[in-house]
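Database features (TrEMBL):
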- 1-33: region 'Disordered' (REGION)
- 10-20: compositional bias 'Low complexity' (COMPBIAS)
- 80-211: domain 'EamA' (DOMAIN)
- 81-99: transmembrane segment (TRANSMEM)
- 111-129: transmembrane segment (TRANSMEM)
- 141-161: transmembrane segment (TRANSMEM)
- 167-188: transmembrane segment (TRANSMEM)
- 195-215: transmembrane segment (TRANSMEM)
- 233-362: domain 'EamA' (DOMAIN)
- 235-253: transmembrane segment (TRANSMEM)
- 265-283: transmembrane segment (TRANSMEM)
- 295-312: transmembrane segment (TRANSMEM)
- 324-343: transmembrane segment (TRANSMEM)
- 349-367: transmembrane segment (TRANSMEM)
Amino acid sequence: MVLCQGGEGDAAPAAGGQEPEVPPGREDGPGAVQPRLCPAPGVEAAGTEERRACGCCSGMSWPFCCEAPGTKKKAACPGLGLFYTILSAFLFSVASLFLKKIEDLHSVEVSAFRCVFQMAFVLPGLIYYKTGFLGPKGKRIFLFFRGFLGSTAMVLLYYSYQVMPLADATVITFTSPVFTSLLAWIFLKEKYSLWDLLFTLFAITGVILIARPPFLFGSRVTGIEGSYSDHIKGTIAAIASTLSAASTIVILRKVGKSVHYFLSIWYYAVIGLIGCVIALFVLNEWRLPHCGRDRVFLVLIGLLGLGGQIFLTKALQIEKAGPVSIMKTMDVVFAFILQVLFLNHLPTWWTVGGALCVVASSSGTAIRKWRHSVKKAKQREI
């Protein structure tokens, strides 16, 4: 074997856009010509047959692959991403239950405390990654609307939790994937098929079964928590929250990976806190909770919401988005269970039927998106 200079083919990255790991002893630097082992003249064919390849680097020969021969690749725990998704759904559901238990605080004030927790979590990350606090000039307007719409969705969701049954509000929020597809078709020119239209109609049917408007179901509506006017207000708030959340996802798709995700969360927290403080002064609702239990609930809502976001992020890092979206429907299951056990409110058959329609539509949308992404990935490999 002799040393020879690497050509252009050696600089090509491995499949998937990842650079092969450089073996120890090689110099790094722009434009540096790297030596590599080449077979001696006359034995090139034999050396080619003897080259050892591993399956972890798309067939690249060692030592340019990520692992040396004989070493065992650390296997990921199967189902860990789905477990993280279930845990995230449980934490979000418990946080919603604590929100229902708070008596003296407006939903806007709860949202303000949630934003404070998020700022405290994100600020060290911004400093560590040196992303700055404003982001690229061309993306700031998108970040602003992402923060405004995201925080608006949070406030409206918390309000719907307070004035209507927990399960009903949770089910309505699960129409978000359906409306995201519709908005992406309108603003991003993404494909919108007849299946997507069918899933949208299913979602709207589920919302109607939960809201039960009098012009369709008559004036005597049973199974409502509190007054029917509050139920309608909560339904409208939940729908508006869903549309705001869907708009946020469309904006994030527009921005893409050009902005660090910590900056996105930072705008969400800062703009949300500013908006909540202004709204509290206008509504004259700013006050600390009188009861010590409510203060504990406030802290727990912040911690559980943060924990839910962390586990959901970890789930998306190690599992495909399709299975995660489907497993996230456990939010609805947990909401029904917690509502029955701790709020003593049995869901009506109308709510159950609406939940089935919404879960079917959101799961169908997630499965279609998942299959489409898998198909595109296979086409890129070919």
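Quick reminder: no glycine exception, Cβ is built from N, Cα and C everywhere.
Caution: TrEMBL annotation is automatic and unverified by curators.
The list of residues near the transmembrane segment (141-161) in space but at least 6 beyond its ends in sequence, with Cβ under 8 angstroms from a Cβ of it, reads 96, 99-100, 107-108, 110-111, 114-115, 135, 169, 172-173, 234-235, 237-238, 240-242, 244-245, 247-248, 251-252, 254-255, 259, 263-264, 267-273, 275-276, 279. For the transmembrane segment (295-312), the most Cβ-contacting stretch among 81-99, 167-188, 195-215, 235-253 is 81-99 (pairs under 8 Å). Two recorded stretches are said to be in contact when at least 3 C-beta pairs lie under 8 angstroms, sequence spacing 6 or more; the transmembrane segment (265-283) and the transmembrane segment (111-129) meet this definition. Residue counts for the domain 'EamA' (80-211) under DSSP (helix as H, G, I; strand as E, B; rest coil) come to 110 helix, 0 strand, 22 coil. It is 167-188 that, among the stretches 167-188, 195-215, 324-343, 349-367, forms the most Cβ pairs under 8 Å with the transmembrane segment (235-253).
Sequence-remote contacts of a segment are chain residues at least 6 beyond its ends whose Cβ falls under 8 Å from one of its Cβ atoms, and for the transmembrane segment (349-367) they are 165, 167-168, 171-172, 174-178, 181, 195-196, 198-200, 202-203, 205-210, 212, 223, 321-322, 325-326, 329, 332, 336. Cβ atoms under 8 Å from those of the transmembrane segment (324-343) belong to residues 81-82, 85-86, 88-90, 92-94, 96-97, 100, 165-167, 170-171, 174, 177, 312, 315-316, 355, 358-359, 362-363, 365-367, 369-370 of the same chain, restricted to positions at least 6 beyond its ends. This prediction places the mean pLDDT of the domain 'EamA' (233-362) at 82.
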